[in-house]
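A.B. asks: Feature list, courtesy of TrEMBL:
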- 1-83: region 'Disordered' (REGION)
- 301-334: repeat 'TPR' (REPEAT)
- 511-544: repeat 'TPR' (REPEAT)
- 566-603: region 'Disordered' (REGION)
Amino acid sequence: MPGLVSVKTPPEAPPLRITVPEEPPRTPVPPEPTRSEPRTNSPATRRPPSPSPSTSRAKPSPDRGSAKKKSPPEKSLINESSLDNPDLGPFLLKLARDTIASGEGPSKALDYALRASKSFEKCAVEGEPSLDLAMSLHVVAAIYCSLGKFEEAVPVLERAIRVPEVSRGADHALAVFSGYMQLGDTHSMLGQLDRSIECYKEGLKIQMEALGDNDPRVAETCRYLAEAHVQAMQFDEAENLCKKTLEIHRVHSPPASLEEAADRRLMALICEAKGDYESALEHLVLASMAMIANGQENEVAAIDVSIGNIYSSLTRFDEAVFSYQKALTVFKSSKGDNHPSVASVFVRLADLYYKTGKLRESRSYCENALRIYAKPVPGTTAEEIASGMTEISAIYELFNEPEEALKLLQKAMKLLEDKPGQQSTIAGIEARMGVMLYMVGRYEESRSSFESAVSKLRASGERKSAFFGVVLNQMGLACVQLFKIDEAAELFEEAREILEQECGPCHQDTLGVYSNLAATYDAMGRIEDAIEILEYVLKLREEKLGTANPDFDDEKKRLAELLKEAGRSRNKKAKSLENLIDPNSKRTKKETSKKWSAFGFRS
């Protein structure tokens, strides 16, 4: 954020530099992220909240600001009693800036910045909000973040937001706007996406009040917020914000501008996630034309990868191969044969060749990608490697090699475990591991993996997403296999509530939960509850979905058995839960896997 320190830093950036402006900037402006296309399919079809199509939401490493050896604590050179000197605050902030710039590490800079904020507080005129105090608190929070102390940065930023008064003009509006955006970034680093989005919304509201609805800087903040919604899999909200961004840039930017191209890439990702592949393709073609006009060869190649993904989803495989090969040629010539961008295209080709039945070619591309990830070139981030390994694991799962897939997921999780802001990603990996452990009969490990994923998703604010509902359903199935019937029932009930809200009662995932819950109720002796659910499911199929689905006949037979049983004796011992969930024991594993794969995982 101009004039103040932003937590977010592109992965290619040099170590964190904290800059303190000589005087506050005059107009509220948003962060200005850089853009690069992701290497993933739609987050709705591949995995839970996936990275947005920009590196603006990339997270810095907590040790970035302290890579060099820390110098021992020094005795304070400034007497605390002198903090009421009005010249001391700016001097201490300058010392903090110079300390960071010299590479001495953020610890000493933090001391200077903390004392600067105390000085500004002591020197503030009563009843007059101090912008200098707000600015110093922003700097303190940024240094905390560079040390990986995100929890300590939160109260500092909350205090910084309370200091200025928006009604006092643009300077105060900027301070509050910047505070909300920085607080949103910090919550994002902690994996608290819901709180992060609320902060961004407040910041956008203040910016629009200060600048109007159609200012180009408002467009940048709208796109920033849209990216956060994509991460949280809130695609309708993201689409509305992205449309507004496009409208503003249409007015203020020349045709085929880089800004419009970035908007269209994000809109394409949203359309793909919602299954609107034709619209996604249209946006990507327009974005590619804009990048060609601006001479952005590598960005054109990244868009070609996304176009290939869309063609693959539309089963236009020849066109997909052509797009991937175009991108591969550019990446090899501009970045080298061992760059992770090359590996990402190998993964896409491996997936495509599996779909077309060319298994040998698919496996070969997987192995080529793994060789690149095994010896990454300098500058490759852990997130890139983990994402690639997660995608390759999905292909090995299709090869019916769950053990190899599990190994890759474990490696991916290890790469991310000490990275801030990756809780949702790790949760997605754990959820996929849970499914594969279930498939190979390791039910206790499967339940533990799901439990860890559920805990992280609850903490990150995704407890109302459709993906969370599916994870709960899968954890419930693992509990069934361990005969933890009461726990399974609670999980299925929560999953039903979420999926009814997010997907509707007729969605395949919701119907699957209904079926599992009915079976669980029967195993608990709650025959009437089981009958009620199955009657509701059959009514839905007869009135809205049709009766051609083979599940209809199974559910009808199960309902007839339960009604007959209830008529004879309400207290009769319930049937085996395994048989009730599915009379064919093999089908449970296969259909669970199929259902899960259809919904997708976040890597």
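Every residue, even glycine, has its Cβ placed from backbone N, Cα and C.
Keep in mind that what you see is a predicted model, and the values were worked out from it rather than measured.
Walk me through the surroundings of each of these features.
C.D. replies: Residues in the repeat 'TPR' (301-334) partition by DSSP class (helix H, G, I; strand E, B; coil) as 31 helix, 0 strand, 3 coil.
Taken together, the residues in the repeat 'TPR' (511-544) have a mean pLDDT of 86 on the 0 to 100 scale.
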A.B. asks: Of the residues in the repeat 'TPR' (511-544), how many are helix, strand and coil by DSSP?
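C.D. replies: Split by secondary structure, the repeat 'TPR' (511-544) comes out as 31 helix, 0 strand, 3 coil.
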